[in-house]
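Following: one structure in structure tokens, then a few remarks.
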Amino acid sequence: MKNKIEKTSDNTWFVRIIHWFFQKCSAVICYCPWTCIILTTVLTLGLSLKIPFTRMENDISDFTPFGARSRAELQKYRKFFNNHGEPKAIYAFITSKVGDNMLGISQLNDTVHVLDKISRDFYLKTSDGPKNFEEYCSGFCLLNEPVRHFYSGMLISGQHGTDFSHLDLGYPVTTVLGTKLYMDPNFFGVKVATENNKIESKQEPNNIREVSLVVLQLRSELGDEVKAEDLRNYEHQILDYIHEAGLTLLPFLVIGFTIMAVFSSITFVVSAYYLQQLNGYKVVLAVMACVCPFMACGASLGAMFYAGFRFGSILCVTPFLVLAIGVDDSYLMVNAWQRITCHRRKNGRFESVNAELKHRITEMFIETGPSITITTITNVLAFGVGATTPAAEIQLFSIGNALAVTADFVFTITFYGALMAVVGKYEIAQELKNTKTLPGAETPSETSSTGSVTSSEPEDCKFRRIIAKICNFLTNTWVCSVVLGLLAVYWYICIVGTVNIKSELSPNKLFLAESNIVEIFKQRKTHIIPYYSACWILVENPGDINDPSQRGKLEGLIQSFESIPSANGRYSTKFWLRDYEDFLKQSEDIDLPIEEEDEELAIEFSVNGSQVVTPSQPFGQGNELRQFLEWPEFSFWKGFIQINESTYQMSKFLVTTAYHGAELVDWSNRAKLLNEWRAVADQEKYRSLNVTVYEEDAKFLDLIETMSPVAIQSALWTFASMFVVAALFISHPPTLFVATFSILSTSLGVFGIMSWWGADLDPIMMSATVMSIGFSVDIPSHVSYHFYQTAKETTDIRRRLQMTIEAVGFPIFEASLSTTQKIDSKIKETTSSINGHCGYSSDLILKY
């Protein structure tokens, strides 16, 4: 083996270190293979036991970049509710199975039944005992009352006819027994009747003709008395009642493993049969080639959880990704072993099984060691670059994958290498038993560093003749010219596609196609987002609301939001001050009885607006706001207002208003609208009010602006990292240039072709791009390195190309096919693992 090291002394210093390292590893593995297998198995079991006992934790804000404005907005929004977290909500999207119209007594009866069922029959565990929604809700308990009243109005109308003065089943404003109800937050896909088919500013009485979707929103403030796990269990009770339990990742794991095991077994058997080395242990090696990556993944994830890392559902993708990388390394090792065995059988002579085993294992590791190492380094660096992205979830994903790939490198050497030593010892013993070595046979010839055999091996093999013809074709001048021309066209297409790629979000990519969440996104996109995109406006310093000028300033703020071109207008705004102004006006118009002028009087209002005079503090003493909030018809405003309990002065409040536009179905346009809201809030004249806007999806919308710069930065860092890695293995400048240029071409092609294919730049594509580039750069790296090594054998280009294909052609072909299968299924596996991750797990879709 000393001659072998001397023969490769013209390698780079890094490759020489790798050769020395793998030579030592082969000695240890051959000396105690079973010890290596047992130790790695025990280590895997010990670390993997942590996984089932680690609770999965997901936070939708983890997709939001650090420093994004939406993080500060979310914190202020949460602080408004006394740091209990933003109000938790369950949304029920109710549609009709028969046609699209929900405007019927039976449909609305079922809707109210669902509302009653969820509100009363499911109990949330709290520190004060189990409570249903009606018992634990606060602040936003009446959000669905318009649906109840509308249904009641339909029953009254059907029984007693219609009196427009007390009953108007209209849209957006419904009037039931003198009470005005705004239906736009609950009714969607509404078609209304107009006079003479003209849209007038005045709403026609009973104008609703069709409602496609009814949305129920069970929203409440939850404090520290409710644990997150108990809340999840409560939500799942409701989901399990409405729907069957969702799919888990286990079927995908089993199916993915089975496909890869069968594929590996077939390719191993075909290769072994062709080289006359077929035995039952080849199938064992094929199956264990798929087991080894799962072992490494279990050990690495378990170690992460022991170290305190969070178990995010996105890490469920890691086993499939590591499987793709680990199996490729096994292909290289088994292919090298079989070629070395074939060469030793024809040209070698051996007397000791152990000595021959050590020779072949060392040859195999020295040949494949640099390839395995370059695969590991390139993928670790690719994921290391991903770990620098500003989104916590992508960081966790990248760190987990980088650690798993590193663990797979170690397990491939120790576990799989030891398994090959055990199987190899059996094969060599069979050779020694069945084959008689001639006394005068020549000494074994060495295998080249590329794994190709020396010139003493016959060249008339049919397989080699085919490869030789292919190499002659590829090195033809005309063929090279055509390839370069096609390459130029490819670069042009990819550059145009990359430049025109659009940053966009597609949440439906996060879920399985048959998931109910996908149907919810469809309903939102069709009926809600284009017509009712809600904005929450938080005013943290409202000032003295008893001052008319200050109230005018607050009114001007809200009018500024209503003046944005896409605003729905005043009717969609839920602003307590306007009801308060009406309340004050009604109070001033009341004539008090003369005999009671000397008493301290105040006014109470009943539900139907009747006025009752009772003794209390007179107006002007700061009790107007208390009276306003105590009036039953206005009591729901308590959820939008924070009061200083000692002085009963307003400290902050919330306002909601809505926007419309067909273009809002694109998340990038919603991001632009969010920036318009922020521009209004940042105006100098409103700065003293300390205004903040909140949008439920802002945590995703802020990601859009960062995706393009992050993608460019990641691509550049990946390219630079791959160049450094290639330089560690290849010292020949022209070969280094070709290898690096191939990597750049691959990266450019991934972005460009995906853009032409219609894909947008979103977090899923960014993750998939990093993975695909990591997979793709392995192939040009392997080819370039082995081509570089052939220069030690010959200077003939055709012969060097043929030697390269013989060394890595078949394992690269295996790796390409297996990676294609895995990437195709990985999209489904990714969506399954992230299902429910983005905070939509509480959404229901019901059809009646």
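Each residue, glycine too, has its Cβ placed from N, Cα and C.
Per TrEMBL, compositional bias 'Low complexity' is recorded for 442-456.
Averaged over the domain 'SSD' (256-422), the predicted model reaches a pLDDT of 87. Per TrEMBL, the feature domain 'SSD' maps to 256-422.
Taken from TrEMBL, the feature region 'Disordered' applies to 437-457.
As annotated by TrEMBL, transmembrane segment applies to 20-47 (among others).
Annotation comment: TrEMBL describes 249-275 (among others) as transmembrane segment.
According to TrEMBL, the feature transmembrane segment maps to 281-301 (among others).
Sequence annotations record features per position, and here TrEMBL assigns transmembrane segment to 308-327 (among others).
Beyond its flanks by at least six residues, the transmembrane segment (402-423) meets 22, 25-26, 29-30, 33-34, 36-37, 39-41, 44, 281, 284-285, 288-289, 292-293, 295-297, 299-301, 303-304, 318, 321-322, 325-326, 329-330, 333-334, 337, 357, 361, 364-365, 372-373, 376, 379-380, 383-384, 387 of its own chain at Cβ-Cβ distances under 8 Å. The transmembrane segment annotation in TrEMBL covers 402-423 (among others).
Long-range contacts of the transmembrane segment (473-493) within the same chain, counting only residues at least 6 positions beyond its ends with a Cβ under 8 Å from a Cβ of the stretch, are 745, 748-749, 752-753, 756, 797-798, 801. As annotated by TrEMBL, transmembrane segment applies to 473-493 (among others).
Tertiary neighbourhood of the transmembrane segment (710-729): same-chain residues 12, 14-15, 370, 374, 377-378, 381-382, 384-386, 388-390, 736, 739-740, 743-744, 747, 751, 761, 766, 769-770, 773, 777, 781, 784-785, 788, selected by CB-CB distance under 8 Å and a gap of 6+ residues from either end. Residues or ranges marked as transmembrane segment in TrEMBL: 710-729 (among others).
Per TrEMBL, transmembrane segment is recorded for 736-758 (among others).
If one looks beyond the transmembrane segment (736-758) by at least 6 residues along the same chain, the residues whose Cβ comes under 8 Å of a Cβ in the stretch are 487, 490-491, 493-498, 500-502, 711, 715, 718-719, 722-723, 726-727, 730, 765, 769, 772-773, 776-777, 780-781, 784-785. The list of residues near the transmembrane segment (20-47) in space but at least 6 beyond its ends in sequence, with Cβ under 8 angstroms from a Cβ of it, reads 1, 5, 295-296, 298-300, 302-303, 306, 354, 357-358, 361-362, 364-366, 369, 411, 413-415, 417-419, 421-422, 425.
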